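As structure tokens, the structure follows; a few thoughts come after it.
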């Protein structure tokens, strides 16, 4: 194990900050700013869509394709650096060096969608990413420190910033992609999302079981999607007996499907509100939901 500066160490014995006070305030500021940013993106989605797609150059030097590629490559680089840090620091939960927790996995998927200019794939996983990141922010989990509240993690730990940045960024990048990309959503797309979510949950459950039974080190006993065995699962008591292994698989699948269904209803209903800015004039009106109308007709839904 390399002797790292204290800021990069995951061990908490020499840390000064806890997850309260100034650290909690910074955490909440980032979370609130993210929420405000998403609200602004939604409010001005139509002028933003027209502005972005009318430009051939962004930030004066990037073409649209180059900008997407740069953002996607940057995500991969930073995710790789985090995995490297976990390895060289002999991280407590070494399995996290393989970033298959839901939010990190979906951020990698987003990176490849950007790299290969397949942003329309956001329709298959975008709602899951937003819901997962939101839950992670509302119910933060720092599994590598003692669970005694308040946990000893805060402003003097890179892992504090990693947690809040990764989830806030996932929300912002997915929301931005939804705004700048025409959403093509049909009933079959809704079904594909359900199948993908169930498949990911089953895969994570299987990996967790295999590593628990056969991993030579406790640090490789994984808890992806919080579907691991009870003694390594920080969320094992969240829903009482329903969140105990192996029933947590069924519980989390049901929760995920319910959340996705609710997100679809919100997606339909919010389309009734049309907010626009044309020639400097701000307008707002209520109409029938074109999303719902076209969803029923199995046609393309545009911004």
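Keep in mind that glycine also has a Cβ here, set from the backbone N, Cα and C atoms.
Since the structure is predicted, the reported quantities are computational estimates derived from the model, not experimental observations.
According to TrEMBL, the features are:
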TRANSMEM  24-44  transmembrane segment
TRANSMEM  65-85  transmembrane segment
TRANSMEM  97-117  transmembrane segment
TRANSMEM  124-142  transmembrane segment
TRANSMEM  158-179  transmembrane segment
TRANSMEM  191-212  transmembrane segment
TRANSMEM  249-269  transmembrane segment
Proximity verdict for the transmembrane segment (124-142) and the transmembrane segment (65-85), three or more C-beta pairs under 8 Å: no
Beyond the flanks of the transmembrane segment (65-85) by 6 or more, those residues with Cβ under 8 Å of it: 8, 58-59, 91, 97-99, 104, 107-108, 110-115, 117, 119, 158, 162, 173
Tertiary contacts of the transmembrane segment (158-179) (same chain, 6+ residues out, Cβ under 8 Å): 7-8, 10, 17, 19, 23, 26-27, 30-31, 33-34, 37-38, 41-42, 45, 48-49, 52, 71, 82, 85, 103-104, 106-107, 110, 113, 119, 122, 126, 129-130, 133-134, 136-137, 140, 142, 144, 303
Contacting positions for the transmembrane segment (191-212) when only residues 6+ beyond its ends and CB under 8 Å are counted: 95, 100, 102, 105, 123-125, 127-128, 220-225, 227-229, 232, 246, 249, 252-253, 256-257, 260
